[in-house]
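A.B. asks: Quick one: structure below, then a few questions.
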Amino acid sequence: MENYSSSGAHDEIKSFIEVCATAIASLIYCYFISFNLSKGTTRLISLTPVIILFTLLPLKLNTITLIGIIGSFHLITIMKLALFAFGHQPLQSNPPIPLTLFICIAYLPIKINHMENQEDPSKIQSENKENIANQEQPSRKALHPVLNLIQKIIFQALLWIIYQVKQHMHPKIMLAYYCAYAYVTGELIMAMASALAWALLGLELEPHFNKPYMATSLQDFWGKRWNLVMPNALRSVVYKPLKKRVSSRTAFGAMLPTVVAVMGTFVVSGLAHETVPYYFARMRPSWEITGFFVLQGLGVTVEIAVKKVLLMKRITWRMNRLVSGVLVLGFVMVSAMWLFFPPILRCNVVARLEREVGAVVEFLNCSLNMLTRH
């Protein structure tokens, strides 16, 4: 969106509502039609139009922030639908889960308590709501989604205050500010969804990040700390099936299934992220982003190989956590500056984010002025 006038903002909000409504309608189709088809090829064929639709829907949006949020949501949804096609969780359940729960799990990065124990999600939902209702004094854990929402609102308010003095800040500092704005805005929307899911359904949204700056290896960074929703989905859709299908009885030994699964997962992740420049500015893939993820996959593979060799030789030496942390973050940041960010920056992201932030701040200022007058 090049012109962030009030009419332009209105059109964008309208498009956002249309995208969400279309997505929900499509998931209702999946629930009532695809659920009743036999799992496998038949169900996959019935889901194919929905998967294509979810791929195209972000093209209706123009703002960087909404494209990033909806694009990431839809990518996770596509992976969940792929699992659903072959009768796997989290959408598959016997008996079927309620429609509202199906939509929430499909469209949001939902984490159901004890899902890993293969319990019935509908029963878990009921138990969670009963526990919340029966608690006279909600526990600290139960309040977490609300506290998280308050925290994100405070962060957003701080960014709003900082923007008031942007004319006194260096352009490079403002570049970091716009990145922080995009991140905090996404986290704020996730926090709002988390609080709503907790209040209405007794569900908990998966956290997106787990202190990535504390990572001590690439495995730790990509598997347990950075954008946790994506690794969890890729682990079920790509990693496990690949590892199961590749034979370990080869000249390469028992490591081959792991290596193939790791590299396949990073390649798929790279191809998925190649859609970002196209969503932002209709730019054709340059394959630089895929190259970035392939490089990360190679790094993880080397780590696995080194750890296996050390284990076989019964060597217990470990690198200092501070040193390994600096090396990991340095590797990720340098390779990202080399391969990941250039195609995204070519989409004029900085200038567009600046206009988006300006429009949001102007709206907040106008709203605050109207409230003070009354």
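Any Cβ shown, glycine's included, is placed from N, Cα and C.
When I checked TrEMBL for this same protein, it listed these features:
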| type | residues | note |
| --- | --- | --- |
| TRANSMEM | 16-34 | transmembrane segment |
| TRANSMEM | 93-110 | transmembrane segment |
| TRANSMEM | 146-163 | transmembrane segment |
| TRANSMEM | 175-201 | transmembrane segment |
| DOMAIN | 206-295 | domain 'Wax synthase' |
| TRANSMEM | 250-272 | transmembrane segment |
| TRANSMEM | 292-310 | transmembrane segment |
| TRANSMEM | 322-341 | transmembrane segment |
A.B. asks: What else in the chain is close to the transmembrane segment (250-272), if you only count residues 6 or more beyond its ends and a Cβ gap under 8 Å?
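C.D. replies: Sequence-remote neighbours of the transmembrane segment (250-272) are 75, 230, 234-235, 237-240, 242-244, 289-294, 296-298, 300-301, 304-305, 308.
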A.B. asks: Do you know the DSSP helix, strand and coil residue counts for the domain 'Wax synthase' (206-295)?
C.D. replies: 64 helix, 0 strand, 26 coil
A.B. asks: Do we see three or more Cβ pairs under 8 Å linking the transmembrane segment (93-110) and the transmembrane segment (292-310), pairs being at least 6 apart in sequence?
C.D. replies: no
A.B. asks: Using Cβ atoms and a strict cutoff of less than 8 Å, what residues sit near the transmembrane segment (292-310) while being 6 or more residues removed from its termini?
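C.D. replies: Contacts with the transmembrane segment (292-310): 217-219, 222, 255, 258-259, 262-263, 265-267, 269-270, 273, 316-317, 331-332, 335-336, 338-340.
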A.B. asks: Report the mean pLDDT of the predicted model across the domain 'Wax synthase' (206-295), rounded to a whole number.
C.D. replies: 86
